[in-house]
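Just below is one structure, and these are the notes that go with it.
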Amino acid sequence: MSTDDTRDAIMVATYEALCEEGYSDLTAQSIADRTDRSKSALFYHYDSREALVADFIEYLIEGFDARVERTREQPPLERLAAFVDWFLADPDDDELAFHTAFLELRAQAPYNDVYREKLRESDDILRTVVEDILRDGIDAGVFRAHDPESVSALLLASFDGARIRQFTLGRDEYLETVRAETVDRVLADVLAADVEFPDEASFEFPRDDRLVDDDGTTDTADSDGTTNAADDDETTDAESDTENTASNAEGDPTE
């Protein structure tokens with residue numbers, strides 16, 4: 001198996017473990033159990049659980065960049081509509097489980113420099129994506145002249161807050177209200193005269209097809225789920241040093 005295949009298998013297993021067990025209960029063993037490798041084999045590739053999770057965030061960022069590229073040829077208004085629909089979509093059970101686990105992970109950022117840097121990189125990419133769409137829209141004449149950086153920050157803060165309240169409080173109305181008010185109060189001031197924001201985008205923002213199939217189900221790693229029994233009982237200093245208990249926090253990654 002190639003290095004890329006090995007990484008893909010570990011990353012998919014990490015995604016599955018986060019969905020099923022959450023961040024607090026995430027261990028190297030729970031990841032190894034979803035691959036054909038032992039726990040000790042994971043530490044051949046990663047020095048610690050922290051390093052593995054940091055690479056998982058990088059993996060998500062790489063996938064998001066590729067997904068954005070697939071939308072470049074679409075008109076800027078449709079790209080923005082697709083982004084809004086994606087960000088404020090009502091999640092299915094797997095997506096909800098993953099987003100909830102990621103909230104736990106983000107709670108570590110104030111105390112973990114590695115996580116914080118990766119999550120800041122993710123945030124910068126999200127903001128840049130929206131800024132680029134807004135600039136392209138200005139050039140295309142569908143948006144009035146405005147400050148894309150300020151509008152992007154406002155949009156993402158609003159969307160982020162709505163999603164977190166939906167995840168943590170189970171109040172779907174936040175997603176619906178924020179989308180409607182964003183269109184009526186924010187984008188109405190940005191849209192050029194006689195341009196209307198679509199009620200629904202003409203295309204869907206692409207899924208990360210490395211992690212989920214076209215039907216939205218988890219793309220399970222190619223594995224028989226076996227591990228080396230002798231390794232199951234092993235504990236490593238690298239893992240125990242990075243096991244933390246997470247608390248609630250606001251924020252969102254590039255999922």
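Glycine too: its Cβ is placed from the backbone N, Cα and C atoms.
In TrEMBL, the annotation DNA-binding region applies to 27-46, one of the ranges 27-46, 67-86, 127-146. DSSP labels the residues of the domain 'HTH tetR-type' (4-64) in these numbers: 46 helix, 0 strand, 15 coil.
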